[in-house]
Amino acid sequence: MDLYFFVGLVIAFLRIEYVTARYVVKSIFQDWNDNKVRLFSVRVVCFTHALLSSIMCLTWLFTDPNFIRDPFTYSSPSANYVFLFSVAYFIYDMADMVCHGELDASKEYIVHHSLVVIGFIAFVHFKQLHGLALLGLLVEVQTIFLHSRTMVHLLYTGMELPKSVDIIVNANMICLFLFRHIPICSLLYQLVFESQPIHWFFKAFLICGLTFLEYHNCHLTISVAQSDGFFGYERQTMDEDNIDPLGSVRKEKERISNQGVPVAKKSQ
């Protein structure tokens, strides 16, 4: 199968999943407003990407240890499908944000998604750094718990959360360090302090990109700690307006609207 035809198929699948999830959620939860329905439907798509990416990433790392032993030069054609699956998701997610007028409140996500898309396409094209890319994709293991946490809070808005949610909340924080901070910081250390057989321009791009990703991880960790009651913070009550740890799209649009600036209507 042509690799970029595969990207198109994944994008089509994700769009169908979103439309289906939106229809099902609206049918079941008829009292939910449009914003809440959209938030939950988007998280269904995000959860699917995180789960499938994690399974593929861990499978490739465990079945071929060369990705870990030599993350900067080893490559395998089969891994291209892992990377392009995520490329398709991030392209779809950026297009979705554009269609729903959410760019103003999604700048950090846009930078994050763009770096991943550019990097992964380069890795596929130049047939190198496949191990680095797979180690970087380990962040999706944590993202499974992040989106599970969000969906549970949306389902139980205005109700007492079940005790079992603590399992998700604690696993989310543990995985933030195990699958986000440790892999990214380890790769940054190897790039900065060890000699690697890669072009200086590629090296500079990777250092800048991974540095931003670690900033993104720190921002996410602090926000989650504040909302979930870690490190001395008190756990907060969350709804659709504050469930996203990096900020609410709805609040940003309302803030701009209240200042008298026209806001595009959210597409249905």
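For all residues, glycine too, the Cβ spot is worked out from N, Cα and C.
Quick look at what TrEMBL lists:
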DOMAIN    35-213  domain 'TLC'
TRANSMEM  6-25  transmembrane segment
TRANSMEM  37-61  transmembrane segment
TRANSMEM  81-98  transmembrane segment
TRANSMEM  110-126  transmembrane segment
Surrounding residues of the transmembrane segment (6-25) on its own chain - C-beta under 8 Å, 6+ positions past either end: 32, 37-38, 40-42, 44-45, 48-49, 81, 84-85, 87-89, 91-92, 96
Same-chain residue ranges lying at least 6 outside the transmembrane segment (81-98) that approach it to Cβ under 8 Å: 3-4, 6-11, 14-15, 18, 42, 45-46, 49, 52-53, 56-57, 60, 106, 109-110, 113-114, 116-117, 120-121, 123-124, 130, 133-134, 137, 140
Long-range environment of the transmembrane segment (37-61) - Cβ separation under 8 angstroms, sequence gap at least 6: 14, 17-18, 21-22, 25-26, 29, 67-68, 76, 78-79, 81-82, 85-86, 89, 92-93, 96, 100, 134-135, 137-138, 140-141, 143-144, 146-148, 150-151, 154-155, 240, 243-244, 266
